[in-house]
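In what follows, a single structure is set out as structure tokens and then discussed.
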Amino acid sequence: MTNTNETIFALSTVFGKSGVAVIRISGNYTLKALNHFHIKKKIKPRFATLVDLYDDSNQLIDNGIIIYFPAPNSFTGEDVIELQVHGSKAVIKIILEKLSKIFVMARPGEFSLRAFLNGKFDLTQIEGIADLIDAETKMQAKQAIKQISGELERLYSNWRQRLITIQSKIEAYIDFPEDIWAEKSELEKINNEVQSLVQLIQEHLNDNRRGERLREGLHIVITGEPNVGKSTLFNFLAKRDIAIVSEYAGTTRDILEAHIDIGGYPIILSDTAGIRESSDPIESEGISRAKKRSFEADLRIELFPFEQRHNINCNVVNSDTIYVLSKADDAINDRNILIGGVDFLPISILKGIGTNKLISLIKKKAEEKFGHDRDTPVITRQRHRSHMQKALEHLQRFKIDNPIELISEDLRLAAFELGAVIGIINVEEILDSVFSSFCVGK
């Protein structure tokens, strides 16, 4: 764990050429930086002040903006300075080297860790900050903002407090059994409250991994026979040439991936080898991987040649599959074609037929998977899910006629697991796991 007595610093922006670079300092001795750079101006808290920065030989390093946030009203809860200088590699190096003589370089996530330890955020809010930094699409950012606002913290704190209240009643029986436990109505209230929490947590867990999927991206696989236009469609959706497009069958053997944004939703798109019987061991391995990836995918786009539409025999219909008639250059329009009771969408990348409709259909499927119409808090990480599952298991063991000590212990352990999600309990392994994923300077 970190030594919070040390004053830390780090570059909070990307190292490289830029208009502005931001360097953050936090700790009890933050204001020493003013003398270290020979800053003579009076710095007013929470106001931007233009200053000149000098080295020890009184040579000007750069001029920039300094903002001072006194404790406890800062991001970390400590004295914080944010120094904005020109995004020059040389300037950044000089300033960081000079700061290293009096302060300690922050570890990844150490500023956020101090914010957590000083009660500025709970663990789920801290994770929300990390998710916002990593967000690549509008919907990912929206989910992260909701988490930063404390949506999960309020939910889990409420459930935990309800458990603590129940446990206090159980503990009271241990000390005064004749006053409480004899009341049958009280027993029923306790049992009903526990069962209510069991139902709420079960519903929370049975969310089809919506939050985790949104963080990670929806996996979509383009599948079909060789030379049916998979790579052409892949490149079109990716908006760049990644896959080799060839008239020869079997060109794609390895699985190719592209991270794309459709309607604000993150999509991990895969182009796979054409499915067919092959005596070539390398192609056969590619086909085997294609089948495995297709099976594991959240959604499939299965391509059939438009010119062979009258010979299509679609034996297995899957609601997680979009059926497409590819190379439909001769199609009159993009109206779905019904084949064997299944809707097929004709598309032509060459003529732009059906492409917008396909994108709209992918967006609709993504909305269904992510549950865009639901406004309830969602689990966003496996860490949350593991603790919630353990809490549920403890509550499911609850039986009102169990030994009183066993009842109390199950309630205590369930509350412990809920506390572990938001960081009320101080488990070093949990904190190290959460903050190690942050970048330096955050």
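Just so it is clear, glycine is given a Cβ too, placed from its N, Cα and C backbone atoms.
Residues or ranges marked as (6S)-5-formyl-5,6,7,8-tetrahydrofolate binding site in Swiss-Prot (evidence: sequence analysis): Arg24, Glu82, Lys120, Lys442. Summarising the environment of Glu82 ((6S)-5-formyl-5,6,7,8-tetrahydrofolate binding site), the number of other Cβ atoms within 10 Å of its Cβ, over all protein chains shown, is 18.
Swiss-Prot lists 227-232, 246-252, 271-274 with the feature GTP binding site, giving sequence analysis as the kind of evidence. Of all Cβ atoms in the protein chains displayed, 19 besides its own lie within 10 Å of the Cβ of Asn227 (GTP binding site).
Among the features that Swiss-Prot reports, Mg(2+) binding site is placed at Ser231, Thr252, with the record citing sequence analysis. If you draw a 10 Å sphere around the CB of Ser231 (Mg(2+) binding site), it holds 22 other CB atoms from the protein chains shown. Mapped onto three states, the DSSP output places Ser231 (Mg(2+) binding site) in helix.
The feature K(+) binding site is assigned by Swiss-Prot to Ser246, with sequence analysis given as support.
Summarising model confidence by region, the domain 'TrmE-type G' (217-367) averages a pLDDT of 83. Summarising the annotation, Swiss-Prot assigns domain 'TrmE-type G' to 217-367.
Take the CB of Arg24 ((6S)-5-formyl-5,6,7,8-tetrahydrofolate binding site) and look out to 10 A: across all protein chains shown you find 21 other CB atoms. A Cα-Cα distance of 49 Å separates Lys120 ((6S)-5-formyl-5,6,7,8-tetrahydrofolate binding site) from Ser231 (Mg(2+) binding site). If you compare Cα positions, Arg24 ((6S)-5-formyl-5,6,7,8-tetrahydrofolate binding site) sits closest to Ser231 out of the binding-site residues Asn227, Lys230, Ser231. Among the binding-site residues Lys120, Lys230, the residue whose Cβ has the fewest other Cβ atoms within 10 Å is Lys120. Across the fold, the C-alpha of Ala273 (GTP binding site) and the C-alpha of Ser231 (Mg(2+) binding site) stand 9 Å from each other.
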